[in-house]
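**Q** Please see the structure below; I have some questions.
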Amino acid sequence: MSNNLFTVPEDWQKRAWCDDARYQKMYDESVNDPDAFWSREAQRIDWFEPFSKVKNSSFNGDVDIKWFLDGKLNVAYNCLDRHLEKRGDQTAIIFEGNEPGVEEKITYRQLYERVCRFSNVLKSCGVKKGDRVSIYLPMIPQLAVAMLACARIGAIHSIVFAGFSPDALANRITDAECTILITADEGLRGPKAIGLKEAADEAMDKAGMVKKCIVVKHTGADVPMKAGRDLWWHELTAKESTECPPESMDSEDPLFILYTSGSTGTPKGVLHTTGGYIVYTSLTHQYVFDYHDGDIYWCTADIGWVTGHSYIIYGPLANGAVTIMFEGIPNYPDFSRFWQICDKHQVNIFYTAPTVVRALMQQGDEPVKATSRTSVRLLGTVGEPINPEAWLWYHRVVGEERCPIVDTWWQTETGGIMITPLPGATALKPGSATRPFFGIQPALIDKEGNQLEGPGEGYLVMLDSWPALARTVYGDHRRFKSTYFIQCPGTYFSGDGARRDEDGYYWITGRIDDVINVSGHRLGTAEIESSLVAHPAVSEAAVVGFPHDIKGQAIYAYVTLSSGYEPSEELRKELSLFVRKDIGPIATPEVLQFTDSLPKTRSGKIMRRILRKVACNELDNLGDTSTLADPAVVEALIKNRIDACR
């Protein structure tokens, strides 16, 4: 835990939407009188018909969650149509291509017209309200158009990250019963071209239910087009009208399905609905990022993940924001790319993942200092806890000690940000997600099921629902209940552990399955990893537990070294001693393996399941590795594995 406290600068207290006193007042109302609070905040969007009741939800029994009952609205209308009168000529999306120099600025009116055209295309393909549409596109404007078009006509989009394998795509098409697939000839990722149509063809062969495949001509690569099934996006849209009336949707009608990894390795299709989701993403985007008219906002996530859904498209566009879509990667053509984009587009708000921060930190300060970044006033992180060392580098080097950092905790299932600083209200502690957002009631539960009061550590749960909470797992409500509502009855079980300090701040300690029990002592992997990364020789670390005859479990650490350091037995001993001194003897790694890389998904998350299997020598059952960014990393880990199981 970091002892540093960064107080809110006076200018932020004055300019922000929310200072500490207002946060306390709004938060208290949101939990003590949620009907009044959410009834007021729901007016930030336009309703075709008003809702009759704010909420009717229960975490017990069959688990039934409903918000803004009987209200009628359309998400695409709220992201586009209602802005046309005042913002029609304002930029909605800045597209920054993979190659420097490739860019496009799309106004709200242009985006509206493109969405209407493609809505009509979908209708001409027989898509109706409630139908599922699979989208397998790179980070190009057509991805935003496709998802908004689905929302406009009441279809349910299922976006599959464009780095996923044909098998992963086929599984998601089959599970959601999609008869329409939208893809591109190729995607671009740094110097590589990714054959999306090729992968889509293989997936369609496996899934066997896709009737129409709409293909964006992105790179111009020569790809096979199956007569009667495959259709070119540009040819279809050219024929259609720029007007398409929005479908009136019930507040609880589905908006999208997004697949997330399950503990069993089987993906879960998390279902989000319409009214509560758009109210909550709009509210969180405004307050967490302190978004004001005219700000240039950039979330670096891929829309294939929930962060991209909520904080590249839906939240920002509902607020009439300028949002950036970036096709490329942080290190192409060099490690200054992110900061060059910040300068080029005068970005004010920058939101990225801790794994990106650590990767850029590994390259030193020069790629950052080669740019000015004077426009940037707020930084954010999302996806996993950020270790204090990376937080401090981000604050000192990228933000030049003038930019607050909003370290946000939330999940695919929560729909929007849950625990977070508000930049004008919250003193910051590096590594802490700090305090709950409006309407969020976190609690800590011990292993006996008792709710902890005051400072403590336990399972992180939520005591009541919020508007953006997922409603079910598509086609499997029993799995929804068993995953999130059985472990601690009457609460939403996040699957994460957390610590609450004496100031009421929350520190996410990692997934529950990332807790190691060494000789009866429960240790969060995040704490040990942060300790290792605090050593100058360590660029990145991942820690897992493995069976031990005496201790029950012992610690196996995988360490990636910073440039200028070489693996050695001396360094291995030094790092083990470093952790021992920092946390205590109980946290000393039993095994420490040096590695050039860690196994990560294409969204940058470490696949700890793989690391546990390697540590325990369970090499014949590694499970699904289709989401790995670089499968060769696993081979290297196995080759250099240190015999650990006792």
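Keep in mind that glycine also has a Cβ here, set from the backbone N, Cα and C atoms.
Annotation comment: Swiss-Prot describes ARG189, GLY190, PRO191, LYS192, THR307, ASN331, SER519, ARG580 as CoA binding site, evidence class sequence analysis. According to Swiss-Prot, the feature ATP binding site maps to GLY383, GLU384, PRO385, ASP407, THR408, TRP409, TRP410, GLN411, THR412, ASP496, ARG511, ARG522, an assignment based on sequence analysis. Annotated Mg(2+) binding site per Swiss-Prot: VAL533, HIS535, VAL538, in sequence order. Swiss-Prot lists LYS605 with the feature N6-acetyllysine.
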**Q** Taking just the CA atoms, what is the gap between GLY383 (ATP binding site) and ARG580 (CoA binding site) in Å?
**A** 28
**Q** Select the closest residue to ARG580 (CoA binding site) from the following recorded positions, measuring between CA atoms: ARG511, VAL533, LYS605.
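**A** Nearest listed residue in space: VAL533.
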**Q** If you pair up every Cα among ARG189, GLY190, PRO191, LYS192, THR307, ASN331, SER519, ARG580, the residues annotated as binding CoA, what's the maximum separation in angstrom, rounded to an integer?
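**A** This binding site's residues have a maximal Cα-Cα distance of 48 Å.
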**Q** Do you know offhand how many angstrom separate VAL538 (Mg(2+) binding site) and THR412 (ATP binding site) by C-alpha?
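**A** Computed Cα spacing between VAL538 (Mg(2+) binding site) and THR412 (ATP binding site) is 30 Å.
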**Q** Are there residues of the same chain, six or more positions away from THR412 (ATP binding site), whose CB falls under 8 angstroms from its CB, and which are they?
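**A** In sequence order, LEU258, THR260, VAL270, TRP305, VAL306, ALA470 meet the Cβ cut-off.
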**Q** Counting every protein chain present, what is the number of Cβ atoms, excluding its own, within 10 Å of the Cβ of TRP410 (ATP binding site)?
**A** 25
**Q** Where VAL533 (Mg(2+) binding site) and PRO385 (ATP binding site) are concerned, what is their Cα separation in Å, rounded?
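**A** For VAL533 (Mg(2+) binding site) versus PRO385 (ATP binding site), the Cα atoms are 13 Å apart.
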**Q** Out of ARG189, THR307, ASN331, LYS605, point to the one nearest TRP410 (ATP binding site) in space (Cα versus Cα); all of them are recorded positions in the record.
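**A** Comparing Cα positions, the candidate nearest TRP410 (ATP binding site) turns out to be THR307.
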**Q** Within the same chain, and leaving aside VAL533, HIS535, VAL538, name every residue whose CB is within 8 angstroms of the centroid of the CB atoms belonging to the recorded Mg(2+) site, in sequence order.
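**A** So the extra residues in range turn out to be GLU389, SER531, LEU532, ALA534, PRO536, ALA537, SER539, ALA541, VAL559, SER562, LEU575, PHE578.
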**Q** To the nearest whole angstrom, state the Cα distance for the pair THR307 (CoA binding site) and THR408 (ATP binding site).
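**A** Taking the Cα atoms only, THR307 (CoA binding site) lies 11 Å from THR408 (ATP binding site).
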**Q** Taking the Cβ of HIS535 (Mg(2+) binding site) as centre, how many other Cβ atoms lie within 10 Å?
**A** 19
**Q** 10 Å Cβ neighbour count around THR307 (CoA binding site)?
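**A** Cβ-Cβ neighbours of THR307 (CoA binding site) within 10 Å number 24.
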**Q** Compare the Cα of LYS605 (N6-acetyllysine) against each of the binding-site residues ARG189, PRO385, HIS535 and report the nearest.
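**A** With Cα distances computed to LYS605 (N6-acetyllysine), the winner among ARG189, PRO385, HIS535 is PRO385.
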**Q** Taking every protein chain shown into account, which of the binding-site residues ASN331, THR408, SER519 has the largest tally of Cβ atoms within 10 Å of its Cβ?
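**A** Counting Cβ neighbours within 10 Å, the top one is THR408.
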**Q** Hey, of the binding-site residues listed (LYS192, ARG580), which one tops the CB count within 10 A?
**A** ARG580
